[in-house]
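Please read the structure below before turning to the comments.
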Amino acid sequence: MVGSDGDGDGGGGEAHAPAAPAHHHRRPPRPRGGSGAIVEGFAAALRRRIRSGAAAAARASFGGDSGDEAASGEPSSSSSSSPSRRRGGDSNGAEASSAAGGGGGRGGGGDFSAFTFRAAAPVHRKAKESPLSSDAIFKQSHAGLFNLCIVVLVAVNSRLIIENLMKYGLLIRAGFWFNDKSLRDWPLLMCCLSLPAFPLGAFAVEKLAFNNVITDAVATCLHIFLSTTEIVYPVLVILKCDSAVLSGFLLIFIACIVWLKLVSFAHTNHDIRQLTMGGKKVDNELSTVDMDNLQPPTLGNLIYFMMAPTLCYQPSYPRTSCVRKGWLIRQIILYLIFTGLQGFIIEQYINPIVVNSQHPLKGGLLNAVETVLKLSLPNVYLWLCMFYAFFHLWLSILAEILRFGDREFYKDWWNAKTIDEYWRKWNMPVHKWVVRHIYFPCMRNGISKEVAVLISFLVSAVLHEICVAVPCRILKFWAFLGIMLQIPLIVLTAYLKSKFRDTMVGNMIFWFFFCIYGQPMCLLLYYHDVMNRIEKAR
């Protein structure tokens, strides 16, 4: 078992040396005879190590190809010590391969290397599919290709940004956001500051109702009057004043949020009264509801609800133990960065494309398709930045300041396989409000599921149209139609999901209609309609 390179030390020492396993490499004895012998000895040891490593690699390669666990799972010395696990099958074959290999078992793997590197060794051992064939493509890991796509995406977009800056320069203008017209928007600011009067009025109505001063019917009528006035009042102010589009959008957006909160406040307290007051109390319903959430409203609860990042009222919310100041500062910095990035995308890419485009319904078809596709890429980036800045950063900032515990503001909507799944995941505050105050009440009143979904989308479409049409001061129903057309897409993607199980066809349809076609088309339509209105006014 001891190698012949150690003969210079004498046979006596080797005769009594214990036999070492073939797969363990011992340091070769120091040869005698000067520096030349030393170099020759170490060269021989190096050759043995290289031959052993090559044999092990070959064994792993051939074992993986053939599916032979014995060939791929153990070193060659182990296989040579057990005839039943050796490819040759007997000791004669091992001796022959050892002799042919020149080093027979020394360093482990001599017998296998002699067999592996012979021309007679079989290479094709079983039928196998190509990794990208239809039968094997989903069994492979494509992480490397995904990384390649990320690298290509970063490289291509970096080149486009550099090319755009070299050709057009930096197009950011302060006048695009704030101009002399913005200084005349003080009526909108005063209107915004007066909106808290409506929640205070709703609180007074609930106090009267809980004290049995007014009936439930009167309280309901007063809530309807307050909520309707709250949404009509900002609309009239925006239409009366010649305000900037951005200022009008901010006001009507805040007004819609307050309206949703008022509806939730009135509906929830009405339900609490039904459960806790008079003979309408139902024991089995109370047993399933936390009693802490069945208390009359207080002014502190109302103020917290109006500021909290939620649209659904309840007397108490899960709270965190403290405010993480360092984390909060980092989130604020990120929010400012992504807000600035949105402004850069709008002014550097979207605004020039829209200004130099034609009305999509009046120009040629190819021209409209080219403009929509040109606008789709910056629109996707803008939409993703908007989502991250608002739903992840801004709502988390509010939640951290108020120690609001439930921070599930969105789910993994980007993996949605149907349009219905997307709407249930991308905007959780609105989704919870719709389910709680529209969908389930419709179901409890005997309305079918399909009609309840239609009513939910109808309310959403009206609110979207108000948020866009009022600041632009045009009524074209583009936003309304964009939301209502989601219903046939829901049916289509649900059918595709049932027909092609566990596929991403519905996900591709979602990305196409939302980011490639839908949003750029709506943006072009509203921009040109606003420009036409301004030209007619002049």
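Keep in mind that glycine also has a Cβ here, set from the backbone N, Cα and C atoms.
All protein chains shown were included, and the count of other CB atoms within 10 Å of the CB of HIS464 (active site) stands at 18. The active site annotation in Swiss-Prot covers HIS464 and rests on similarity to another entry.
What Swiss-Prot records for 69-83 is compositional bias 'Low complexity'.
Positions annotated as region 'Disordered' by Swiss-Prot: 1-39 (among others).
Per Swiss-Prot, region 'Disordered' is recorded for 54-106 (among others).
Long-range contacts of the motif 'FYXDWWN motif' (409-415) within the same chain, counting only residues at least 6 positions beyond its ends with a Cβ under 8 Å from a Cβ of the stretch, are 309, 387, 391-392, 395-396, 421-422, 424-429, 507. As annotated by Swiss-Prot, motif 'FYXDWWN motif' applies to 409-415, with the evidence given as similarity to another entry.
Residues or ranges marked as transmembrane segment by Swiss-Prot on the basis of sequence analysis: 136-156 (among others). The list of residues near the transmembrane segment (136-156) in space but at least 6 beyond its ends in sequence, with Cβ under 8 angstroms from a Cβ of it, reads 129-130.
What Swiss-Prot records for 186-206 (among others) is transmembrane segment.
Residues or ranges marked as transmembrane segment in Swiss-Prot: 218-238 (among others).
Look at Swiss-Prot and you will find 245-265 (among others) tagged as transmembrane segment, backed by sequence analysis.
Long-range Cβ contacts of the transmembrane segment (293-313) within its own chain (Cβ-Cβ under 8 Å, at least 6 residues beyond either end) map to 196, 199, 202-203, 206-207, 210, 257-258, 260-261, 264-265, 268-269, 272, 275-276, 286, 395, 398-399, 402, 404, 406-407, 409, 429-430, 432-433, 436-437. Feature annotation from Swiss-Prot assigns transmembrane segment to 293-313 (among others); the stated evidence is sequence analysis.
Under 8 Å from some Cβ of the transmembrane segment (326-346) lie the Cβ atoms of residues 172, 177, 378, 381-382, 385-386, 388-389, 393-394, 396-397, 400-401, all in the same chain and six or more residues away from its ends. Here Swiss-Prot flags 326-346 (among others) as transmembrane segment, drawing on sequence analysis.
Sequence annotations record features per position, and here Swiss-Prot assigns transmembrane segment to 382-402 (among others) based on sequence analysis.
For 451-471 (among others), the entry in Swiss-Prot reads transmembrane segment, with the evidence type sequence analysis.
Residues annotated as transmembrane segment in Swiss-Prot, with sequence analysis given as evidence: 474-494 (among others).
What Swiss-Prot lists as transmembrane segment is 505-525 (among others), and the listing cites sequence analysis.
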With the greatest number of Cβ pairs under 8 Å to the transmembrane segment (451-471), the stretch among 186-206, 218-238, 245-265, 382-402 is 245-265
Contact between the transmembrane segment (245-265) and the transmembrane segment (218-238) (3 or more Cβ pairs under 8 Å, separation 6+):
yes
Go through the chain and flag residues at least 6 beyond the ends of the transmembrane segment (474-494) whose CB is under 8 A from any CB in it; none is fine as an answer.
417-420, 423, 453-454, 457-458, 460-462, 464-465, 467-468, 505-506, 509-510, 513, 518, 522, 525-526, 529-530, 533
Are there residues at least 6 beyond the ends of the transmembrane segment (382-402) whose Cβ is under 8 Å from a Cβ of it, and what are they?
304, 307-309, 320, 323-324, 327-328, 331-332, 334-335, 338-339, 341-342, 345-346, 350, 409-410, 426-427, 429, 515, 519
